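Structure first, then comments.
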Amino acid sequence: MNRIAAAIVGGYLFASSGGALLSALNGPGSDAMLGGALLGLALYAPAIIWAFATRSAKRAWAGLLGASFSLAVLTAVADATGAAA
Amino acid sequence: MTGGLRQRMAWLHTWVGLWVCWLAFAIFLTGTLSVFVDPISDWMRPEQVQEPAAAPFAGPLDHTQQLQHGLRFLEQHAANSKMWELWPRAGKDEFQVFWLNDKGYYADAHLSTTTGAALPEEVSAVRDTLGGQHFVEFHHALHAGTTGLWIVGAASVAMLVALISGVITHKRIFKDFFTFRPAKGQRSWLDAHNLAGVLTLPFLFMIVYSGLAISWSTYMPAIPWAQELRTGETANVREYGPESKPSGRRGVLTSLNPLVHIAEATFHSPAYAVVVNHPGDAAVTVDVYSTTSPETQAGNLLSKRGVMQFDGVTGALRETEMPHRAPPNGARATMATLDELHRLHFAGSVIRWIYFVAGMAGTMMMATGAVLFMVKRRQKSLNEFGAGTPRVYRIIDVLNVATVAGLSLACIGFLWSNRLLPHDLVERHEWEVAAFFGVWLAALLHAALRPPAQAWREQLWAGAVLCVLLPLLNVLTTGQHLLAYLAQRDIERAAVELTAIVIGALLAAAALRVRSPDPRKMASATAMRKAAS
């Protein structure tokens, strides 16, 4: 049960933050959002697979939340440093 | 859940596959029918006369009168709108104009070409029906708006997970490609499931992923949110209207006729729509869109219209996008391609038939997977649900019948309701959808009340009879028939009836193969074999 939650919630956060990072790197505008969305939607299913392939539910949570958090931080850094521009 | 990667993936495949298979089957079956949305719509509107094919484009047309009338109407009725649209149609008695109202929604009017006056809504002689669009709507959002869209999205991700875990579980993709052992019970079901899955694997990944991509702004709200945080402005995802901003100063619109003339000469096709952004403002722009047709489409993947943008005051050309050309931005071009691959605006009949067959194979993969789950457990219960196991198995059996046989019955029942419901019923199209869900619900109740083998047999027979008798129903209710369609070269309507007959024959063949009940062995095991193989 715990692992299923990790896969669904953690996987979704990971996919969203991955997509948000790519769209931040691509700069403003709707085209940048499209690229991010395409990546994010492609990441979700593999993230779920990984959550079930890894050794324990704890690892699944840690891995997905950790990766999501890192991606969110990178997105903020990209924004702050103006990497998009 | 223990063991190595392959066991874990097998576990994941079984359980994700089981819980999503009924929904996935429904989405896939209706999606496969949606491939032929236009022929089905034509068949469901028997009163509609087929429009003759448009004459080849000989040169720019004269739209003077319609453009003048249209602009006068919009100035009177939508002076403060931020966007007007005129759809000139040379040689027609009437044409349409659209505008964005105060709430940001489209409003429209039909105008007379000769007088420019708004025409009253005509009472149509054509029956009120959603036509094939019903299948598209159900496939896309289950007739349940945003909630339905989310459910379909969740099912799509679950389908991707089931596909990936299925591939990892599955050691011998290439070998199984050539393996089918019929009439061997559980083994045959597994073979059919593998064969359908492996054969269509690339198609399945493409169709599910592109389906998600089309509705990305619903599924990935984090991306526009992140943009909004960054720019402090609402991200423009699906708002209608101009992307540019008004200047706030008054401006006088130049004559539209010359602009339309230039665009038609450039695109070699009649103008489809003339869009005026920020009418009355000095920053007004005019977009002229091209009409696309099978001739302009030939050899092109993208069905995109061409558009020329002009400065609305000076009439100077600002930008030209030729029809069917990929957008310069990579992400946008990718999205446009995925959209085409999913929605098939580009496709002629050959591609559509390939999609239909691949879609049916995918649908059968889900049906065989669902049946396989129960075939395996009817031989030996695995007791996954403790004391409740027999009851859960019973529920799974009922849902299998109600989905695979019951939804097929509901789909053909929908076509029957189109011919049987009274012509002038209020909100008639909703009654047809109600008939679809009504038949489906009846199938669920029937499946719950009858032993599995009987339920399979009776519902498959009912579906077969309705399919095969569809042309007869048509003759009795409208007087139109298959031979006349063929004689008039109305291939699309004829193909709907011929396909129904073929599907009816397959359902009958499946019904014949349902074995008599044997409590310890597979009862419904052979139900769908014919269709699956």
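These residue numbers are counts, starting from 1, taken along the chain as shown.
Cβ atoms are placed via backbone N, Cα and C, with glycine included.
A TrEMBL annotation is a machine prediction, not a hand-curated record.
As written in TrEMBL, here are the features:
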TRANSMEM  B:12-37  transmembrane segment
TRANSMEM  B:148-168  transmembrane segment
TRANSMEM  B:189-212  transmembrane segment
TRANSMEM  B:353-375  transmembrane segment
TRANSMEM  B:395-416  transmembrane segment
TRANSMEM  B:431-449  transmembrane segment
TRANSMEM  B:461-482  transmembrane segment
TRANSMEM  B:494-512  transmembrane segment
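Using a Cβ-Cβ cut-off under 8 Å and counting only residues 6 or more beyond its ends in the same chain, the transmembrane segment (B:148-168) has close neighbours at 5-6, 9-10, 12-13, 16-17, 19-20, 23-24, 27, 139-142, 197, 201, 204-205, 208-209, 211-212, 215, 218-219. Panel annotation: around the transmembrane segment (B:494-512), residues 36, 39-40, 42-43, 408, 412, 415, 456-457, 460-461, 463-471, 474, 482, 485-486, 527-531 of the same chain, lying at least six beyond its termini, place a Cβ under 8 Å from a Cβ of the stretch. Here the transmembrane segment (B:12-37) does not touch the transmembrane segment (B:461-482). Their Cβ atoms form fewer than 3 pairs under 8 Å, with each pair 6 or more residues apart.
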